[in-house]
Amino acid sequence: MNHEIPILNDLLVVILFSLPVLFLFGRIGLSPVVGFIAAGILIGPHGLGLVRSIGSVEIAAEIGVVLLLFMVGLELSLSGMAMTPWRIYLTAVLQVLATTAAGFSAGMLLELGSGAAIVIGFALAVSSSAIVLKGLVDKGEIHTPLGRGVVTICVVQDFAIVPMMLVVSILVGDHTDLNAIGLQVIKVTALLSVLYLFGRFILPALMNWMVDMRSREIFLLFTI
């Protein structure tokens with residue numbers, strides 16, 4: 001009976017190839033993110049083709065991104081972001097608008113059509129918060145004035161994705177249900193509000209209660 005599990009084999013291949021690539025890129029002073037991308041290109045279907053279960057690896061990658069964002073979130077502070085000068089927020093908004101306009105203009109010059117040009121502008125206007133914030137954490141600059149400014153710009157870009165998705169949904173088809181989209185926006189806003197209130201008022205009380213209990217098991221179960 002064949003008990004081979006493809007995802008375990010693929011993950012082993014990813015680890016074995018990533019380690020020497022990351023070591024090489026570290027020696028020449030490049031970011032580990034670039035090393036992971038290079039390793040993916042090398043062993044992926046367009047390279048050596050050593051990874052077979054692409055879907056499973058994608059799921060593992062998504063879990064890794066979630067954990068990365070969680071780790072970055074531990075380093076962030078809402079009070080620190082509140083201290084960010086308003087000029088940084090204005091700069092972030094102007095950056096999104098200007099980059100979107102530049103991408104749209106480039107798409108129109110290339111005669112790609114207005115819909116494709118808008119999508120290109122949106123894609124150029126936002127960056128990967130996970131990669132940017134991870135870089136700041138690794139360099140110990142997340143709490144510096146520069147780090148707070150970069151975090152603010154990333155947060156503004158993330159919020160800008162919501163109206164961008166609405167516009168793209170409208171462009172995709174003529175039968176877009178705007179009421180359903182509006183309902184989703186309301187749900188997301190309500191969820192964020194609940195999470196903020198939970199983290200601001202309820203979570204500290206729970207943490208104090210667990211400290212008073214002095215039980216590792218309770219703390220471990222709560223963390224999971």
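A Cβ is built for glycine as well, from the same backbone N, Cα and C atoms used for every other residue.
No curator has checked TrEMBL annotations; they are predicted automatically.
Annotated domain 'Cation/H+ exchanger transmembrane' per TrEMBL: 15-224, in sequence order. Positions annotated as transmembrane segment by TrEMBL: 33-51, 57-76, 88-110, 116-137, 149-173, 185-206.
Among residues of the same chain six or more beyond the transmembrane segment (88-110), those with a C-beta under 8 A of the stretch's C-beta atoms are 116-126, 148-149, 152-153, 155-157, 160. Most Cβ pairs under 8 Å to the transmembrane segment (185-206), among the stretches 33-51, 116-137, 149-173, belong to 149-173.
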